[in-house]
Amino acid sequence: MSNPVRFDRGHTDDLMSFLAASPSPYHAVTNAAERLEKAGFRQVAETDAWDSTSGGKYVVRGGALIAWYVPEGADPHTPFRIVGAHTDSPNLRVKPRPDSGAHGWRQIAVEIYGGPLLNSWLDRDLGLAGRLSLRDGSTRLVNIDRPLLRVPQLAIHLDRSVSTDGLKLDKQRHLQPIWGLGGDVRDGDLIAFLEAELGLSAGEVTGWDLMTHSVEAPSYLGRDNELLAGPRMDNLLSVHAGTAALTAVAAADASLAYIPVLAAFDHEENGSQSDTGADGPLLGSVLERSVFARSGSYEDRARAFAGSVCLSSDTGHAVHPNYAERHDPTHHPRAGGGPILKVNVNNRYATDGSGRAIFAAACEKANVPFQTFVSNNSMPCGTTIGPITAARHGIRTVDIGAAILSMHSARELCATDDPFLLANSLVAFLEG
């Protein structure tokens, strides 16, 4: 491949803004929706009847978003080209009774969401963000993006073996953040604080979905700014790339043989089994209703699904210079080497030979290099929404993503080239 596409500072700057502004899945879909609106997409409600008009549309349900672009004159049986991603990331989430404390410290009770690198949350300034449910049935987003919480590590003088035997954390006792002093802990203190922050009346908040986040901003790193450090790259990097790709394809308004789709799900990190997860009904419902809105039949629906393809885009593992032996000896994806194609013969990833050919063709069209990832046989392989999408909807699915280090850390690392290379490959795929 000659003169492949390289780093675009504008794309990566925008990714950094997107990461910083999206501390929860609810913020991520709101920010993605704003980008779609600017590109001419319009929101449709699941409770309304859908019309047959062409153009860009999207649905938001909680922390999930499905967006699609219908070309002028698209037949009911027109197949879909789908980019799948997820909006959630591992973190610490606030329990139903959050107010606690001990020995003169005020604390917040949290539960572990997904599989975070727990040590990365220690001694880090944390904010609080998410969604508040109000007495009148409405919801409000909240983002306390300043140092509010901290999980302090035990001093080495009280844990002399930590440097030789490794850090051992009890998930219940050792990860409850502090947020002040005082032994007088009252139920409702945290929610009263949030109500005051948002200018709400006392008692107006009756439910919440709240989570911690690092308040340190994303940043360029390295001698030549070749690296990008930031939170929630797994998997907002893919959500951002998918949004950019879909809006670019819609703006070009070329003669598309497929209907391009972005499916950004919640709850991937804990199994996808929810009404907003990939194992729920949302994607299938949206695709079916798109077919039926264009006067399609169940036969048209079957034809459309049979001809569709999904790229499940989720971050993957770049080879780690300090732990190269943890990777497969002959598959060492490099940071900066372009998107990775994920393969696993036990269907932990959905890629097969024909799927590889589809992605290779998209990368060739985009003049983007790609790499292949296979797990070391002695290490268990993770999974993605890819196999779920393939099994649930009968849609051919290919697992890909950008290569990063420190996956599931409060702060992850990638090469500055890779987000733009991924987005370009997605554009070529959606164009068909």
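All positions are counted from 1 along the displayed chain.
Each Cβ is built from the backbone N, Cα and C atoms, and glycine gets one as well.
The structure displayed is predicted, hence computed values, not measured ones.
Feature annotations, courtesy of Swiss-Prot:
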BINDING   His86, His157, His408  Zn(2+) binding site
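All features noted in Swiss-Prot, drawn onto the structure.
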residue: His86; record: Zn(2+) binding site; DSSP class: strand
residue: His157; record: Zn(2+) binding site; DSSP class: helix
residue: His408; record: Zn(2+) binding site; DSSP class: coil
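The binding-site residues considered are His86, His157, His408; of these, His157 has the fewest other C-beta atoms within 10 angstroms of its C-beta.
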